[in-house]
Amino acid sequence: MKVLVILGLVLLSVMVQGKVFERCELARTLKRLGMDGYRGISLANWMCLAKWESDYNTRATNYNPGDQSTDYGIFQINSHYWCNNGRTPGAVNACHISCNALLQDDITQAVACAKRVVRDPQGIRAWVAWKAHCQNRDVSQYVQGCGV
């Protein structure tokens, strides 16, 4: 019985943690999903963004008490503007998506929403972490050795 409880806890922790991509695995996935050069944004910049926003973790969330919104997933897409979590006051849901969809191991929907974000005038500058850690920097290290 004790073994079953421990096994259950291990499986639950794996389910809660979600998928944490290896760097090159994510680079290949983003390239396959059309992110390299999308709206003039290099794959290395997308990788830098994902590193600093979520550390490549699909289940990352971050609550923002100021506007009562939450950032979701590998790109930390915000519930005030881009997705619907059913809790954020005045949410826009410009991606027309449930925020929970941004937490899936399959990042296809997260990529589609990130593409929607960068179509707005701010572009990739909508992400604070990108401005702080990636903008005007050599970001080639994020794809180095990945063959992409």
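Note that Cβ sites are derived from N, Cα and C of the backbone, with glycine treated the same way.
Per Swiss-Prot, active site is recorded for Glu53 (among others). Around Glu53 (active site), taking its Cβ as the centre, 22 other Cβ atoms fall within 10 Å, counting all chains.
Taken from Swiss-Prot, the feature active site applies to Asp71 (among others), supported by sequence analysis. Secondary structure from DSSP puts Asp71 (active site) in a beta strand.
DSSP assigns Cys146 (disulfide bond) to coil, not to a helix or a strand. Of all Cβ atoms in the shown protein chains, 17 besides its own fall within 10 Å of the Cβ of Cys146 (disulfide bond). What Swiss-Prot records for Cys24-Cys146 (among others) is disulfide bond.
Taken from Swiss-Prot, the feature disulfide bond covers Cys48-Cys134 (among others), and the record attributes it to sequence analysis. When secondary structure is read from DSSP and collapsed to three states, Cys134 (disulfide bond) falls in the coil class.
Here Swiss-Prot flags Cys83-Cys99 (among others) as disulfide bond, drawing on sequence analysis. Applying an 8 A CB threshold to same-chain residues 6+ apart, the list for Cys99 (disulfide bond) reads Thr70, Tyr72, Ile77, Ser79, Cys83, Asn84, Asn85.
The disulfide bond feature in Swiss-Prot is assigned to Cys95-Cys113 (among others). Under the three-state DSSP scheme, Cys95 (disulfide bond) falls in the coil class.
As annotated by Swiss-Prot, domain 'C-type lysozyme' applies to 19-148. Looking just at the domain 'C-type lysozyme' (19-148), the mean pLDDT is 97.
Annotation source Swiss-Prot lists signal peptide at 1-18, citing similarity to another entry.
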**Asked** Hey, how far is Cys134 (disulfide bond) from Cys95 (disulfide bond), Cα to Cα, in Å?
**Response** 24
**Message:** Taking DSSP as the reference, which of helix, strand or coil describes Cys24 (disulfide bond)?
**Reply:** helix
